[in-house]
Amino acid sequence: MVWVLILFFILAAKQSCFFEGQRSGILPDTQRVKWRGDSALSDGKPDNVRLVGGYYDAGDNVKFGWPMAFSVSLLSWAAVENQKAISSVCQMEYLRSAIRWGADFILAAHTSPTTLYTQVGDGNQDHQCWERPEDMDTPRTLYKINSSSPGTEAAAEAAAALSAASIVFQGVDSNYSSNLLNHSKSLFEFADKYRGSYQASCPFYCSYSGYQDELLWAAAWLYKASGQTSYLNYVSSNQGWSQAVSEFSWDNKFVGAQTLLAKEFYSGKWNLEKFKRDADSFVCAVMPGSSSVQIHTTPGGLLYTRDSSNLQYVTTASMVLLTYSKILSAAKIGGVQCGSAHFSASQIKAFAKTQVDYILGNNPNKISYMVGFGSKYPTQLHHRGSSLPSIKFHPAEIKCNDGYSTWYFSANPNPNTHVGAIVGGPDSSDRFNDLRSDYSHLEPTTYLNAGFVGSVAALLGETSNVDDECLRMVLHNGGTTSMI
């Protein structure tokens, strides 16, 4: 049991370090990822607003508000569902810090009841340069949605993120929690009143699944955070929007909302049965052996949705499966019937664990797809800050094209180990080539990692409830922050 706790302690610590490595803005004294420095300190200046902070989305230097908010939602969900387990390995403060860093940016971006800044930086020009965040000189173009140019998906996701985060800070910082919830309510009203797809106004991360999923997802979180029946009535009266899906992603939140509302169904709110049925359908869509399976596995057993950054769908699916299996167990439900196949809660959980195990090294390549975990992991991350010398040791400016000519095409490992980063993963045949230019398989993202936090936390919750000063800081740092 001790070694299991050490394993989860290390995993959780590495995950929180990843988010520190993605930070934009003024870094705090508590920053553990030392190869990063302050960056993007004038963000928002063209519109006379302060948009300093938040997270860089992936391996670039752009801040995309919609997927950032989804990352905050996932991290908050992990904290809400698994607080005791995360606290048992001394990681709750780090997780709250990661949530707050993103939530603070969303608060700053919500400059009026009907205005939300959704992007900082020009994605096209940023992607033409290979430079550190601390050096970047590409335009910090601002994008926003408002009543005349709406983006319901982005506004509703921001509402979901802040309401979920407000629960995390209840009893810890009540004023901050109340502020998060108030902004969430305002954002939801904006999203619902001025309906219009983000697809019409987005430069990157456009919507393909519509905005009904985000509205349900946000309303479900608002009900959970506030207890106000108006939000429960909203999801009940709009459950016709709910669709059976086979993925959970920054674009498609249906199964997230369905899982939250299935829990309410099992607590006695029987009018929410449609959400429970659709949550069951997700299980049937991804479980091997199901008669209605839609997402198949690689020869090595990995769920495979699509080629570009496939592990993002794996981490979120695992998080949903583990959360739903816990809901089924608590409700004393036998499991989920998928045609002729029946899957118990323990079988669903066991399959989700195989996905986590695959990511951590139990795969045909015997490689951990989390950087810094295990003896073999990707070394050529498609990530500007990681692949260029740290500004702490190479203070001279690295210009746009210099980054490409000297470092991007180098065959050497990245000079900075981005601990905790999970890459896009292998192809449909389990093949993986550690090559920096292959962004589809070597680039980490905040939402990919956020889903993994929830998965690891759920598995940790099944192992132990002990703390004992986090097992004496897990045997005096049995291998975590000292390795960053």
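Any Cβ shown, glycine's included, is placed from N, Cα and C.
According to TrEMBL, the feature signal peptide maps to 1-16.
Residues belonging to the domain 'Glycoside hydrolase family 9' (14-455) score a mean pLDDT of 97 in the model. Positions annotated as domain 'Glycoside hydrolase family 9' by TrEMBL: 14-455.
Annotation comment: TrEMBL describes His382 (among others) as active site. Taken residue by residue with DSSP, His382 (active site) is part of neither helix nor strand, so it is coil.
If you look up TrEMBL, you'll see Asp434 (among others) marked as active site. In sequence order, Pro378, Thr379, Gln380, Leu442 are the residues near Asp434 (active site), counting only same-chain partners six or more apart with C-beta under 8 A.
Reduced to three states, the DSSP call for Glu443 (active site) is coil. What TrEMBL lists as active site is Glu443 (among others).
The Cβ of His382 (active site) has 24 other Cβ atoms within 10 Å, all protein chains considered. Taking CA atoms as the reference points, Glu443 (active site) and His382 (active site) are 5 Å apart. Of all Cβ atoms in the protein chains displayed, 21 besides its own lie within 10 Å of the Cβ of Glu443 (active site). For the recorded site, Asp434 (active site), the DSSP three-state label reads coil.
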